[in-house]
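Copied over from TrEMBL:
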type	residues	note
ACT_SITE	ASP160	active site, proton donor/acceptor
BINDING	ASN8, GLU396	Mg(2+) binding site
BINDING	LYS15, HIS220, LEU221, GLY222, ASN223, GLY224, ASP294, LEU295, ARG296, GLY342, VAL343, GLY344, GLU345, ASN346	ATP binding site
BINDING	ARG103	substrate binding site
SITE	HIS192	site 'Transition state stabilizer'
SITE	ARG253	site 'Transition state stabilizer'
Amino acid sequence: MTPVLVINSGSSSFKYQLLDMDTERTLASGLVERIGEPIGVARHTVHATPVDAGEGSPTFLDATRTRELPIPDHTAGFAVMLDAFASHGPSLADTPPVAVGHRVVHGGARFFEPTLITPLVEINIDELSVLAPLHNPANLAGIVAARTAFPEVPHVAVFDTAFHQTLSPAAYTYAIDTEIAASHRIRRYGFHGTSHKFVSEAAAAFLGRPLGELKQIVFHLGNGASVTAIDGGRSIDTSMGFTPLEGLVMGTRSGDIDPAVLFQLERRAGMSVDDLDDLLNKRSGLLGLAGSNDLRDIRAAMERGEPRALLAFEVYVHRLRAYAGAYLAQLGGADVISFTAGVGENAPRVRAEALGTLGFAGVEIDHERNESAERGIRVISTDASAVTVLVVPTDEELEIARQTLSVARP
Ligand code: ADP
């Protein structure tokens, strides 16, 4: 058994997953949330395996336990997590993790690969909080708490931005005054890199084709959404930019917008920078257009014939089509187009509409395959389609665990 613990830490919560990297199976996972509130919540799930179920036992159900108690900070949260492992298993005393992997949102221009965490790396992650003020401090709080809980094992940082460090200057440079840009590190960084890397590699493996020979487009459509053009395994363009706000229409984010809209709202509507930040990040996208950030609600409202839901859907897929076309042009055609995350994996109509006009570029969706409720990685294009279109369930925790192990045990 080679257990690796993966930590994804936010400001008032963290998720964890323990994976056995011999089999790449999840042994346990959990969520500690409402840290710092009067009552916190900790949920721990032990994932069933045929071995767990034991001989003669017919049950293969995962077992989840929930506790409610005050959790003042991340260190206290880790103590609650360790308690859950001790009480409900698997025992970390018997099989301690060989390494701990941490999701870190922003690696700036400094981190382009998974990195062993040292005091200097912690200082660098902290310093990058200038670029990710909500995320990096929260990621660091998780790292500090985890290093206290597991002082003996290597800890590895896996950055959301790292996969996009292969972007060329032409792709990452904004056309603004270069001195201003340089002094404030204003450029495109890209996010969701762990997922884009995982999906593009899974797609190549599934098709039995060398990654280095494939031109790929990956649509990661979750609550946050981004699309990446990948040439031979290297990200060459991606829709998120300086922050995750740029690009596609998302659950609550506007994606691309003329920046002059902000000048106008500041001058004419008296909105402050914080108001505008809140508007574009938290009250826009599907939520702003149709009153819900969840595509399932939009779909239900469309069935009721609600015009604002119909418009929201049209705006959403219009943007997807624009990026599909742009990235076909940047790559000079594609071999594979993949869809992943909550919307990408579960919304056939989004997939069909996003690619519906690309017959001229050799993209042909098979509607029966696209509508199929089958799970797992699968082809949704026709056999005659020049471009293979896939649905690929993403697994960011597994990717973090793989990268962590590659550093901890090179
Ligand atoms: P996150 O970005 O929070 O990790 P996910 O990848 O889990 O998000 O995606 C969440 C979103 O996926 C939901 O807000 C919803 O819009 C969409 N989604 C989830 N399940 C379905 C479904 N069965 N049909 C359509 N959309 C879905």
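Keep in mind that glycine also has a Cβ here, set from the backbone N, Cα and C atoms.
Cβ neighbour counts within 10 Å, taken over all protein chains shown, single out LEU221 as the most crowded of the binding-site residues LEU221, VAL343.
There are 12 other CB atoms within 10 A of the CB of ARG296 (ATP binding site), with all protein chains counted.
Checking the binding-site residues LYS15, ASN223, VAL343, GLU345 against ligand 1, the ones whose Cβ sits under 6 Å from it are ASN223, VAL343. Taking a C-beta cut-off of under 8 angstroms and a sequence separation of 6 or more, HIS192 (site 'Transition state stabilizer') has the following same-chain neighbours: ASP160, HIS220, GLY224, SER226, THR228, THR238, MET240, PRO244. Cα of GLU345 (ATP binding site) to Cα of GLU396 (Mg(2+) binding site): a span of 14 Å.
Around the Cβ of ARG253 (site 'Transition state stabilizer'), the number of neighbouring Cβ atoms within 10 Å comes to 27. The Cβ of GLU396 (Mg(2+) binding site) has ASN8, ARG103, THR194, SER195, PHE198 as same-chain neighbours under 8 Å, each 6 or more residues away in sequence.
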